[in-house]
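K.L.:
Before I ask anything, let me first share the structure, which is written out below as structure tokens.
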Amino acid sequence: MTESSTARQNERALEEGIHTDLREKMTYGSYLQLDRLLSAQEPVSDPEHHDELLFIIQHQTTELWLKLVVHELLAARDLIVADQLQPALKRIARVKHIQRTLTEQWSVLATLTPSEYAEFRDSLGSSSGFQSWQYRAVEFLLGNKNSRMLTVFETEPESHRQLAELLEQPSIYDEFIRHLARQGHPVPQELLERDVRRAHTSHEGLVEVFRAVYENPEEHWLVYESCEELVDLEENFQLWRYRHMRTVLRIIGTKQGTGGSSGVGFLQKALDLTFFPELFAVRTEIGR
Ligand code: HEM
Ligand SMILES: N[C@@H](CC(=O)c1ccccc1NC=O)C(=O)O
């Protein structure tokens with residue numbers, strides 16, 4: 001028989017070299033523990049609602065990406081502590097791409113209509129994204145510290161422990177400011193000795209440090225570039241918050257949240273928060 005008579009139309013032939021006997025071998029499924037991963041989607045609605053799977057997967061994929069964001073931000077912070085800004089920027093660049101993916105992902109959930117969601121919302125009880133410890137970990141790492149956020153994790157000791165640890169530790173911004181001081185920038189002493197368990201608030205002295213950097217970028221190129229990367233991180237974070245708030249608005253209007261908050265009004269207030277206030281304040285000063 002000729003090759004052409006055995007070849008099946010519009011089907012790719014397996015190449016000789018492709019491993020087909022995978023007994024005792026590491027496989028795709030075993031390496032990625034797909035049996036565990038894919039058995040972790042258990043809708044609670046009864047009878048099961050078709051759209052609850054979308055809801056679960058949207059959250060689970062977000063949590064997986066948040067796991068990587070935490071991992072990269074911890075690495076970036078360690079590198080800043082070691083005065084290695086360039087490799088830290090590499091970690092931050094990755095985080096920025098993940099943030100874009102997460103923001104874009106809201107469009108998938110936006111296909112859930114208010115009517116569909118209302119059919120299984122009651123099954124969610126008092127569970128809420130407000131109880132995402134990884135989300136809170138990212139906020140803490142970027143400097144939005146708030147010890148009151150820990151209270152909802154008292155029934156989850158391991159999450160509580162990790163968040164309490166991050167609350168006590170300096171944020172990426174705290175470490176960046178310390179790095180600037182080590183490089184000889186005139187950073188106000190107050191900022192170097194601040195209580196890192198509290199949210200950072202804007203300091204005029206730090207705006208002046210950044211003014212010097214932004215007025216002479218060539219002399220401070222790496223710091224200048226790092227400042228702009230931090231601005232991107234904050235901007236991306238705000239875009240995620242905004243898309244969340246708008247998605248919530250289109251799905252539940254201004255109903256109260258399952259977490260007990262006022263809902264959209266509460267989410268809107270988060271848009272007034274800022275991680276790196278001086279990096280925005282300095283923009284007003286440039287060219288004056
Ligand atoms: C139908 C979709 C969703 C609705 C209606 C919704 C609604 C809400 C509401 C009302 C809150 C305020 C807290 C409360 O009272 O519950 C909240 C908080 C939160 N949600 Fe969602 N959400 C949705 C999807 C998501 C998804 C997919 C994520 C991704 C993990 C998420 C993550 C969060 C986080 C992290 C908070 C805390 C925000 C903060 O503290 O500022 N939500 N959500
Ligand atoms: N807070 C949402 C419920 C919700 O979205 C949710 C429920 C359980 C687990 C994660 C959730 N996502 C974000 O808040 C609501 O009020 O409908």
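Cβ atoms are placed via backbone N, Cα and C, with glycine included.
So TrEMBL has the following annotated:
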- F55, I56, I57, Q58, H59, Y117, R121, T258: substrate binding site (BINDING)
- H244: heme binding site (BINDING)
K.L.:
Taking the Cβ of Y117 (substrate binding site) as reference, which residues of that chain separated by at least 6 in sequence fall under 8 Å from it?
P.N.:
D51, F55, I251, I252
K.L.:
What binding-site residues among I56, Q58, Y117, H244 have a C-beta sitting less than 6 Å from any atom of ligand 2?
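P.N.:
Among I56, Q58, Y117, H244, near ligand 2: none.
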K.L.:
Measuring CA to CA, name the entry from the binding-site residues I57, Q58, R121 that ends up nearest H244 (heme binding site).
P.N.:
Q58
K.L.:
Taking ligand 1 as the reference, state which of the binding-site residues I57, R121, T258 have a Cβ closer than 6 Å to one of its atoms.
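P.N.:
What lies within reach of ligand 1, judged by Cβ under 6 Å, is T258.
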K.L.:
For Q58, T258, listed as binding-site residues, tell me which one has the smallest number of other Cβ atoms within 10 Å.
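P.N.:
If we count Cβ atoms within 10 Å for the binding-site residues Q58, T258, the smallest count is at Q58.
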K.L.:
Let's check the environment of F55 (substrate binding site): how many other CB atoms sit within 10 Å of its CB?
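P.N.:
Step by step: centre on the Cβ of F55 (substrate binding site), count other Cβ atoms within 10 Å, giving 20.
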K.L.:
Across all the protein chains here, work out how many other Cβ atoms are within 10 Å of the Cβ of the residue listed as 'heme binding site'.
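P.N.:
The residue listed as 'heme binding site': 18 neighbouring Cβ atoms within 10 Å.
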K.L.:
Under 8 Å Cβ to Cβ from H59 (substrate binding site), same chain, six or more residues apart: give me those in sequence order, or none if nothing qualifies.
P.N.:
G129
K.L.:
So how many other Cβ atoms are close to R121 (substrate binding site), meaning within 10 Å of its Cβ?
P.N.:
17
K.L.:
Could you tell me which three-state DSSP class H59 (substrate binding site) falls into?
P.N.:
helix
K.L.:
Please work out the number of neighbouring Cβ atoms within 10 Å of the Cβ of I57 (substrate binding site), leaving out its own Cβ.
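P.N.:
Result for I57 (substrate binding site): 13 neighbouring Cβ atoms inside 10 Å.
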